[in-house]
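Annotated features, as they stand in TrEMBL:
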TRANSMEM  6-26  transmembrane segment
TRANSMEM  55-76  transmembrane segment
TRANSMEM  82-101  transmembrane segment
TRANSMEM  108-128  transmembrane segment
TRANSMEM  148-166  transmembrane segment
TRANSMEM  175-196  transmembrane segment
TRANSMEM  216-233  transmembrane segment
TRANSMEM  240-264  transmembrane segment
TRANSMEM  276-295  transmembrane segment
(Lines of atoms letter the chains of each structure in order from A and count residues from 1; the text may use other names and numbers.)
(Lines give C-alpha, C1' and ligand atoms only; values in the text may rest on other atoms or scores of the structure.)
Protein backbone atom coordinates (compact mmCIF):
# COMPACT_ATOMS: atom_id res chain seq x y z
CA UNK A 1 0.00 0.00 0.00
CA UNK A 2 1.35 3.44 -0.93
CA UNK A 3 1.88 6.26 1.52
CA UNK A 4 -1.06 8.67 1.68
CA UNK A 5 -0.65 12.39 1.00
CA UNK A 6 -1.54 13.17 4.62
CA UNK A 7 1.24 10.84 5.80
CA UNK A 8 3.73 12.55 3.50
CA UNK A 9 2.63 15.95 4.78
CA UNK A 10 2.87 14.74 8.39
CA UNK A 11 6.41 13.41 7.92
CA UNK A 12 7.55 16.58 6.17
CA UNK A 13 5.96 18.83 8.82
CA UNK A 14 7.65 16.89 11.62
CA UNK A 15 11.02 16.95 9.83
CA UNK A 16 10.54 20.67 9.29
CA UNK A 17 9.99 21.22 13.01
CA UNK A 18 13.04 19.08 13.83
CA UNK A 19 15.27 21.03 11.43
CA UNK A 20 13.98 24.46 12.44
CA UNK A 21 14.15 23.70 16.15
CA UNK A 22 17.71 22.40 15.79
CA UNK A 23 18.71 25.43 13.71
CA UNK A 24 17.76 27.75 16.58
CA UNK A 25 20.25 26.05 18.88
CA UNK A 26 23.05 25.88 16.30
CA UNK A 27 22.66 29.55 15.46
CA UNK A 28 22.59 30.39 19.15
CA UNK A 29 25.83 28.48 19.68
CA UNK A 30 27.31 30.25 16.68
CA UNK A 31 26.29 33.63 18.07
CA UNK A 32 27.85 32.80 21.43
CA UNK A 33 31.09 31.70 19.79
CA UNK A 34 31.22 34.83 17.67
CA UNK A 35 30.62 37.01 20.73
CA UNK A 36 33.31 35.20 22.71
CA UNK A 37 35.87 35.34 19.92
CA UNK A 38 35.46 39.02 19.09
CA UNK A 39 35.07 42.28 20.94
CA UNK A 40 32.90 43.64 18.13
CA UNK A 41 29.23 44.53 18.53
CA UNK A 42 26.98 41.53 19.17
CA UNK A 43 24.15 40.53 16.83
CA UNK A 44 21.51 41.57 19.36
CA UNK A 45 22.57 45.21 18.98
CA UNK A 46 23.40 45.25 15.29
CA UNK A 47 26.75 43.43 14.99
CA UNK A 48 27.63 41.09 12.12
CA UNK A 49 30.62 39.08 13.38
CA UNK A 50 28.44 35.95 13.50
CA UNK A 51 28.64 35.87 9.67
CA UNK A 52 32.20 34.57 10.05
CA UNK A 53 31.08 31.71 12.31
CA UNK A 54 30.60 28.35 10.45
CA UNK A 55 28.26 27.00 13.14
CA UNK A 56 25.85 29.89 12.59
CA UNK A 57 25.82 29.18 8.85
CA UNK A 58 25.19 25.50 9.55
CA UNK A 59 22.14 26.48 11.57
CA UNK A 60 20.97 28.82 8.83
CA UNK A 61 21.26 26.11 6.16
CA UNK A 62 19.38 23.63 8.35
CA UNK A 63 16.66 26.24 8.92
CA UNK A 64 16.30 26.76 5.15
CA UNK A 65 15.97 23.00 4.69
CA UNK A 66 13.29 22.99 7.36
CA UNK A 67 11.37 25.82 5.72
CA UNK A 68 11.51 24.00 2.36
CA UNK A 69 10.17 20.85 4.03
CA UNK A 70 7.36 22.91 5.57
CA UNK A 71 6.57 24.40 2.16
CA UNK A 72 6.31 20.96 0.58
CA UNK A 73 4.21 19.68 3.51
CA UNK A 74 1.46 22.14 2.55
CA UNK A 75 1.31 20.53 -0.88
CA UNK A 76 0.35 17.15 0.54
CA UNK A 77 -1.59 17.90 3.71
CA UNK A 78 -4.22 20.43 4.80
CA UNK A 79 -3.13 23.55 6.66
CA UNK A 80 -5.33 22.50 9.60
CA UNK A 81 -2.77 19.73 10.22
CA UNK A 82 0.53 21.26 9.04
CA UNK A 83 0.33 24.70 10.67
CA UNK A 84 -0.24 23.60 14.31
CA UNK A 85 2.61 21.08 14.01
CA UNK A 86 4.97 24.03 13.75
CA UNK A 87 4.76 24.18 17.54
CA UNK A 88 6.91 21.04 17.68
CA UNK A 89 9.94 23.14 16.70
CA UNK A 90 9.55 24.96 20.01
CA UNK A 91 9.74 21.65 21.85
CA UNK A 92 12.86 20.62 19.93
CA UNK A 93 14.49 23.96 20.75
CA UNK A 94 13.53 23.82 24.42
CA UNK A 95 14.84 20.26 24.87
CA UNK A 96 18.09 20.88 22.98
CA UNK A 97 18.62 24.15 24.84
CA UNK A 98 18.29 22.23 28.12
CA UNK A 99 21.03 19.74 27.21
CA UNK A 100 23.30 21.72 24.87
CA UNK A 101 23.00 25.32 26.05
CA UNK A 102 22.38 24.34 29.68
CA UNK A 103 19.23 26.48 29.75
CA UNK A 104 17.10 24.74 32.35
CA UNK A 105 13.70 23.47 31.20
CA UNK A 106 11.33 24.13 34.09
CA UNK A 107 8.47 21.90 35.15
CA UNK A 108 5.91 24.17 33.52
CA UNK A 109 8.03 24.02 30.38
CA UNK A 110 7.71 20.24 30.43
CA UNK A 111 3.94 20.63 30.84
CA UNK A 112 3.94 22.92 27.80
CA UNK A 113 5.90 20.36 25.78
CA UNK A 114 3.53 17.56 26.73
CA UNK A 115 0.51 19.73 25.86
CA UNK A 116 1.95 20.45 22.40
CA UNK A 117 2.61 16.76 21.77
CA UNK A 118 -0.85 15.66 22.97
CA UNK A 119 -2.59 18.36 20.93
CA UNK A 120 -0.55 17.49 17.83
CA UNK A 121 -1.41 13.80 18.14
CA UNK A 122 -5.13 14.63 18.41
CA UNK A 123 -4.93 16.87 15.33
CA UNK A 124 -3.08 14.23 13.28
CA UNK A 125 -5.53 11.48 14.24
CA UNK A 126 -8.55 13.53 13.19
CA UNK A 127 -6.99 15.47 10.29
CA UNK A 128 -9.11 15.46 7.12
CA UNK A 129 -7.94 13.80 3.92
CA UNK A 130 -7.30 16.47 1.32
CA UNK A 131 -8.02 16.05 -2.38
CA UNK A 132 -5.16 17.56 -4.40
CA UNK A 133 -6.46 19.68 -7.33
CA UNK A 134 -5.46 18.42 -10.78
CA UNK A 135 -4.66 21.89 -12.16
CA UNK A 136 -3.97 25.41 -11.03
CA UNK A 137 -7.26 26.42 -12.63
CA UNK A 138 -9.11 24.27 -10.10
CA UNK A 139 -7.27 26.08 -7.33
CA UNK A 140 -8.23 29.39 -8.93
CA UNK A 141 -11.88 28.32 -8.94
CA UNK A 142 -11.57 27.67 -5.21
CA UNK A 143 -10.01 31.10 -4.74
CA UNK A 144 -12.83 32.95 -6.53
CA UNK A 145 -15.69 31.20 -4.77
CA UNK A 146 -17.93 33.75 -2.98
CA UNK A 147 -17.08 32.62 0.56
CA UNK A 148 -13.35 33.03 0.05
CA UNK A 149 -13.73 36.32 -1.81
CA UNK A 150 -15.70 37.65 1.16
CA UNK A 151 -12.92 36.46 3.47
CA UNK A 152 -10.26 38.16 1.33
CA UNK A 153 -12.28 41.38 1.14
CA UNK A 154 -12.75 41.39 4.92
CA UNK A 155 -9.06 40.65 5.46
CA UNK A 156 -7.87 43.45 3.19
CA UNK A 157 -10.35 45.90 4.72
CA UNK A 158 -9.07 45.13 8.22
CA UNK A 159 -5.43 45.34 7.07
CA UNK A 160 -6.01 48.73 5.42
CA UNK A 161 -7.75 50.01 8.55
CA UNK A 162 -4.88 48.80 10.72
CA UNK A 163 -2.22 50.29 8.43
CA UNK A 164 -3.86 53.63 7.68
CA UNK A 165 -5.65 54.42 10.93
CA UNK A 166 -4.56 52.28 13.88
CA UNK A 167 -0.82 51.89 13.21
CA UNK A 168 0.03 55.63 13.24
CA UNK A 169 -1.92 56.10 16.47
CA UNK A 170 -1.44 52.88 18.43
CA UNK A 171 1.28 50.87 16.65
CA UNK A 172 3.95 51.67 19.24
CA UNK A 173 1.75 50.86 22.23
CA UNK A 174 -0.59 48.02 21.22
CA UNK A 175 1.05 44.75 20.21
CA UNK A 176 -2.07 43.58 18.35
CA UNK A 177 -1.70 46.20 15.59
CA UNK A 178 1.51 44.90 14.01
CA UNK A 179 0.74 41.27 14.76
CA UNK A 180 -2.78 41.62 13.37
CA UNK A 181 -1.36 42.80 10.04
CA UNK A 182 1.27 40.02 10.07
CA UNK A 183 -1.25 37.29 10.83
CA UNK A 184 -3.89 38.41 8.35
CA UNK A 185 -1.35 38.67 5.53
CA UNK A 186 0.35 35.48 6.70
CA UNK A 187 -2.85 33.48 6.23
CA UNK A 188 -3.07 34.68 2.62
CA UNK A 189 0.62 33.84 2.23
CA UNK A 190 -0.01 30.23 3.20
CA UNK A 191 -2.93 29.64 0.82
CA UNK A 192 -0.99 31.32 -2.01
CA UNK A 193 2.14 29.28 -1.35
CA UNK A 194 0.06 26.12 -1.16
CA UNK A 195 -1.34 26.94 -4.61
CA UNK A 196 2.16 27.57 -5.97
CA UNK A 197 3.43 24.35 -4.42
CA UNK A 198 0.67 22.31 -6.04
CA UNK A 199 1.43 23.99 -9.39
CA UNK A 200 5.11 23.07 -9.03
CA UNK A 201 4.23 19.49 -8.08
CA UNK A 202 1.95 19.09 -11.10
CA UNK A 203 4.58 20.62 -13.39
CA UNK A 204 7.23 18.18 -12.15
CA UNK A 205 4.78 15.33 -12.80
CA UNK A 206 4.59 16.40 -16.44
CA UNK A 207 1.43 18.52 -16.28
CA UNK A 208 2.90 21.97 -16.86
CA UNK A 209 1.15 24.84 -15.08
CA UNK A 210 3.59 27.54 -16.23
CA UNK A 211 1.43 28.74 -19.11
CA UNK A 212 -1.58 29.44 -16.89
CA UNK A 213 -1.80 33.12 -15.83
CA UNK A 214 -3.37 32.00 -12.54
CA UNK A 215 -0.02 30.49 -11.51
CA UNK A 216 1.68 33.88 -11.81
CA UNK A 217 -1.16 35.63 -10.02
CA UNK A 218 -0.71 33.32 -7.04
CA UNK A 219 3.06 33.95 -7.17
CA UNK A 220 2.57 37.73 -7.21
CA UNK A 221 0.12 37.56 -4.29
CA UNK A 222 2.53 35.39 -2.32
CA UNK A 223 5.43 37.81 -2.86
CA UNK A 224 3.39 40.84 -1.79
CA UNK A 225 2.01 39.04 1.26
CA UNK A 226 5.42 37.73 2.35
CA UNK A 227 7.05 41.16 2.08
CA UNK A 228 4.23 42.81 4.02
CA UNK A 229 4.17 40.06 6.63
CA UNK A 230 7.93 40.19 7.27
CA UNK A 231 7.96 43.99 7.34
CA UNK A 232 5.38 44.21 10.11
CA UNK A 233 6.74 41.22 11.99
CA UNK A 234 10.09 43.01 12.04
CA UNK A 235 8.37 46.12 13.41
CA UNK A 236 6.68 44.06 16.12
CA UNK A 237 9.96 42.44 17.15
CA UNK A 238 11.74 45.77 17.13
CA UNK A 239 9.07 47.39 19.32
CA UNK A 240 7.95 44.69 21.75
CA UNK A 241 9.45 41.87 23.80
CA UNK A 242 9.98 38.73 21.71
CA UNK A 243 8.68 36.66 24.65
CA UNK A 244 5.30 38.31 24.00
CA UNK A 245 5.48 38.59 20.21
CA UNK A 246 6.19 34.89 19.59
CA UNK A 247 3.19 33.26 21.35
CA UNK A 248 0.68 35.94 20.35
CA UNK A 249 1.81 35.83 16.73
CA UNK A 250 1.71 32.02 16.72
CA UNK A 251 -1.84 31.96 18.07
CA UNK A 252 -3.15 34.61 15.65
CA UNK A 253 -1.28 33.35 12.59
CA UNK A 254 -2.21 29.71 13.13
CA UNK A 255 -5.87 30.49 13.82
CA UNK A 256 -6.28 32.71 10.76
CA UNK A 257 -4.37 30.29 8.52
CA UNK A 258 -6.66 27.42 9.50
CA UNK A 259 -9.73 29.59 8.89
CA UNK A 260 -8.50 30.77 5.48
CA UNK A 261 -7.55 27.25 4.40
CA UNK A 262 -10.84 25.79 5.65
CA UNK A 263 -12.79 28.36 3.64
CA UNK A 264 -10.75 28.07 0.42
CA UNK A 265 -9.88 24.36 0.35
CA UNK A 266 -12.89 23.17 2.38
CA UNK A 267 -10.61 21.18 4.69
CA UNK A 268 -13.47 20.12 6.94
CA UNK A 269 -15.85 19.18 4.15
CA UNK A 270 -17.18 15.67 4.68
CA UNK A 271 -16.04 15.44 8.30
CA UNK A 272 -18.50 14.81 11.10
CA UNK A 273 -18.95 17.18 14.03
CA UNK A 274 -17.02 14.87 16.37
CA UNK A 275 -13.85 14.96 14.24
CA UNK A 276 -14.03 18.73 13.80
CA UNK A 277 -14.54 19.22 17.55
CA UNK A 278 -11.56 16.94 18.26
CA UNK A 279 -9.35 18.94 15.88
CA UNK A 280 -10.39 22.18 17.53
CA UNK A 281 -9.66 20.75 20.99
CA UNK A 282 -6.28 19.52 19.78
CA UNK A 283 -5.54 22.93 18.31
CA UNK A 284 -6.44 24.69 21.57
CA UNK A 285 -4.22 22.23 23.46
CA UNK A 286 -1.28 23.04 21.17
CA UNK A 287 -1.86 26.77 21.59
CA UNK A 288 -2.00 26.36 25.37
CA UNK A 289 1.24 24.41 25.39
CA UNK A 290 2.93 27.03 23.23
CA UNK A 291 1.85 29.85 25.53
CA UNK A 292 3.05 27.91 28.60
CA UNK A 293 6.44 27.31 27.00
CA UNK A 294 6.89 30.97 26.13
CA UNK A 295 5.62 32.08 29.54
CA UNK A 296 8.26 29.85 31.11
CA UNK A 297 10.95 31.52 29.00
CA UNK A 298 9.58 34.94 29.89
CA UNK A 299 9.91 34.20 33.64
CA UNK A 300 13.64 33.66 33.14
CA UNK A 301 14.14 37.00 31.41
CA UNK A 302 15.85 39.74 33.39
CA UNK A 303 13.98 42.88 34.29
CA UNK A 304 13.49 45.13 31.26
CA UNK A 305 12.77 48.78 30.61
CA UNK A 306 9.59 50.22 29.15
CA UNK A 307 6.03 48.98 28.94
CA UNK A 308 3.38 48.09 26.41
CA UNK A 309 -0.36 48.44 26.53
CA UNK A 310 -3.30 46.16 25.89
CA UNK A 311 -6.87 46.97 24.91
CA UNK A 312 -7.52 49.51 27.65
CA UNK A 313 -4.15 51.25 27.42
CA UNK A 314 -2.93 50.07 30.86
CA UNK A 315 0.72 49.02 31.03
CA UNK A 316 0.95 45.31 31.74
CA UNK A 317 4.31 43.98 30.68
CA UNK A 318 7.93 45.01 30.37
CA UNK A 319 9.57 45.10 26.94
CA UNK A 320 13.07 45.10 25.55
CA UNK A 321 14.71 46.03 22.28
CA UNK A 322 14.31 42.93 20.12
CA UNK A 323 15.89 44.39 16.99
CA UNK A 324 17.42 41.83 14.61
CA UNK A 325 15.58 38.83 16.06
CA UNK A 326 13.60 38.33 12.84
CA UNK A 327 16.75 37.28 10.98
CA UNK A 328 18.55 35.90 14.01
CA UNK A 329 15.76 34.25 15.96
CA UNK A 330 18.18 32.17 17.99
CA UNK A 331 18.67 35.28 20.13
CA UNK A 332 15.28 34.43 21.63
CA UNK A 333 16.96 31.78 23.74
CA UNK A 334 19.30 34.18 25.53
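Each residue, glycine too, has its Cβ placed from N, Cα and C.
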The answer for the transmembrane segment (148-166), taking Cβ pairs under 8 Å and residues 6+ beyond its ends, is 142, 174, 177, 180-181, 184-185, 187-188, 259-260, 263-264
Sequence-distant residues near the transmembrane segment (216-233) by C-beta distance (under 8 Å, 6 or more away from its ends) are 136, 139-140, 143, 178-179, 181-182, 185-186, 188-189, 192-193, 195-196, 199, 245, 249, 326
* Asked: Is the count of Cβ pairs under 8 Å between the transmembrane segment (175-196) and the transmembrane segment (276-295), pairs 6 or more apart in sequence, 3 or more?
  -> no
At a Cβ cut-off of 8 Å, and with pairs 6 or more apart in sequence only, do we get at least 3 pairs between the transmembrane segment (276-295) and the transmembrane segment (82-101), yes or no? yes
The recorded stretch from 6-26, 82-101, 108-128 sharing the largest number of CB pairs under 8 A with the transmembrane segment (55-76) is 6-26
